[in-house]
């Protein structure tokens, strides 16, 4: 925890409802080290986007952090007053959303938006800020950046817009970027390019990234480590190669097997029966137990916490007693 | 109504679906008055441009392409939701638009569709039983209400749901379950041919696997023929016997699935294969992908792929390549035709 | 392969009352005292109006029961000559104001509901056709709507009222008055429904369930009636509620201006007009009580409509 840039400890996010409270995130803990890309993967409703929103303080009411701590370096940020948190955003933590159109103001030129962001966070005059903006656009691969900087967002294609959004996120030289499904809205042939840009830029600038996605391909391409989320909890967290090649949690195993392979032909895909439970009907014990093909008797009663194995951390009773 | 394997069409020689030089233009101009005032010409979008292919009985033909490739437009053209500007679609030798009366109704029944978004494809105000029974009533496939109920329950069972689910409303089901309901509804028309327009792209991967497996099982059981439309090459590889690759409304390559993946000919096909993320971290060798799809309203001249193509020369910029048949595959590319690109195991005929 | 793990929601056929009491709408309702009050007031007025012949202490429009000596009795004071006590006093003819209000609200509500129903049916039908058919049909219907919308509703209603009345022989005017009123208020108000239904129809008709129905060869009329109509009714309910308040006010306005229902069958508006003549001679109660009733009724219905609009709008929740 000492060398971590972002440290999330036992984070619980709740949504009060009429009669009950829905626990959308339950005891989520993980670290991101400086310059590291951590993938958050899971199916819709697993809580991966919510984790990002909780870190940056953008939970939609009535959702709120019920307990747990979020540390950015040595500053605790989950209890910051609104104004301080607002200043933190963009400067120390930046955000990249799924749809580049919603992150860009349609009536301002790219130059206006970039220069404003740069000047908000860095003490630069107009000329220097513009030069920095052009440099950033150039770095993210916008051809003829000096000319295109005065264009409006609608004059860019989808992929180019997402590049601009990446430049915008990097403008304040943040320590952490939370990227929420940054490639989902893009065409396949553009996705690969955007992943490349994000990966390259963050490595060059030493920025840590929390990459939220449902796409295992994106994870395998971009991340150093992966957290697999299921029903508001982390099922497994570890090195990306380890998780892709040797998944431990039965859910991760099923998830990996259910993706059609390009290199081998199988007759039937591995399928996990059923679907993820809704938040108001999470089973007792391990949330995955009704769908699990390796269920033990205790899985229906006791909830497993993350167990450290020699290959990472996994929340599954199968690994109880495994030597770390 | 029996749900047994259908063997009405034992003749495997004639393709079940033949599409010939199919084109579809959309008028995307501004309203007439605006055009007159701003003195702008009418503008057309060529969504589908001279596309030909055929699908054999019992096989799965996949159309892949990115946005603007015209794949969804082709789906709608085939099921007659929109009308082509030119070209013809023959189903079982007959042109749907030229048949009338009972023959039309039968053809229409035999071609059904599964839609992309299971949240929009089921009427939220209808009970599941009524949704599935709609085609049965519309095509007069049952003689009594008891028979309708029995068929609906059988179909629900076939797609992995319970018969009593017919009393529920769509909102009580998850995305994957809704897609099962949509499949049951399509099957209740007793079709031979299913057009599946991105049937799993709105679903999570683990649910996608369930639906793909189900579709395969049903294909075996009912002898269905699929036209499978997707942007996801790995899904297509899993499902298809033959694959057509579309780029900006044109078919650039049409080859048997295995051949397409092992010996891709067209530069765009190669690019698409290189763009598939290596989720298994197998260390597959790939070239970096460049460029983006141009606007279909004002497509590039000649071969529409030439601005992104590393093999493009002046001929590619000026003239549209013709479709050339090699072995079992069809490719529309000057560079392949003139043997400027090496294609593994491909000899010009 | 069965999705056993997904929580099975309770079966849907466990009683309508249970379902209403369990709904989010009812929960929201139960936490808003002003809305509950509005609902109670509306309900009380509607019930009282519907049951007027049985609960009214007098039959104010039967001349044989009237006693001129009772005229101008102030509220809650015994009449100087007869000693009769009236809660809300009497008018110049000795009519009981309370009873007159009950009967008046009956007419007002009848005209209001009928006008809303007429406007809704007309507007929904035209909106469905315009939205589904598109092209010149759509253009024609919506241009007519635009033109009508550029005139104030009261003017349109007056115009239609005038034209229709001139077409009816004078001996039938008395009985036909109420129908003419319903027609003119309804015709002045259909645009709202048509516009809303048209835009919802435009959204619904491109949804895949409609396309699926077209694949089965289902006819346009059946698609409109069975598929699209049930899915566009939500906003109509809201407009209808607010429209009811507007229709009641419009009716009162017309009656106040003297072009509405005849004085022999007075509505709330007619009562206010009649009472208005005595306002400056000190008999304030004759116009005040019908006025307050109209205010409460219109306000309550309007508040209910506003609440319904917000509660049914998923984006505001």
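Heads up, the Cβ atoms here are built off N, Cα and C, so glycines get one too.
Those TrEMBL annotations? Automatic predictions, nothing curated.
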Among ranges C:205-227, C:228-250, whichever one TrEMBL labels transmembrane segment: C:228-250
TrEMBL annotation of transmembrane segment - which of the ranges C:81-101, C:144-164 it falls on: C:144-164
Annotated transmembrane segment segment (source TrEMBL; candidates C:11-33, C:34-56): C:34-56
Proximity of the transmembrane segment (C:34-56) to the transmembrane segment (C:144-164), 3+ C-beta pairs under 8 angstroms: no
Long-range environment of the transmembrane segment (C:228-250) - Cβ separation under 8 angstroms, sequence gap at least 6: 108-109, 111-113, 115-116, 119-120, 124, 127-128, 132, 153-154, 157, 185, 188-189, 192-193, 196-197, 200-201, 204-205, 210, 268, 294, 297-299, 301-302, 304-306, 308-309, 312
Residues of the parent chain within Cβ reach of the transmembrane segment (C:144-164), under 8 Å, 6 or more residues beyond its termini: 126, 180-181, 183-185, 187-191, 194-195, 246, 250, 253-254, 259
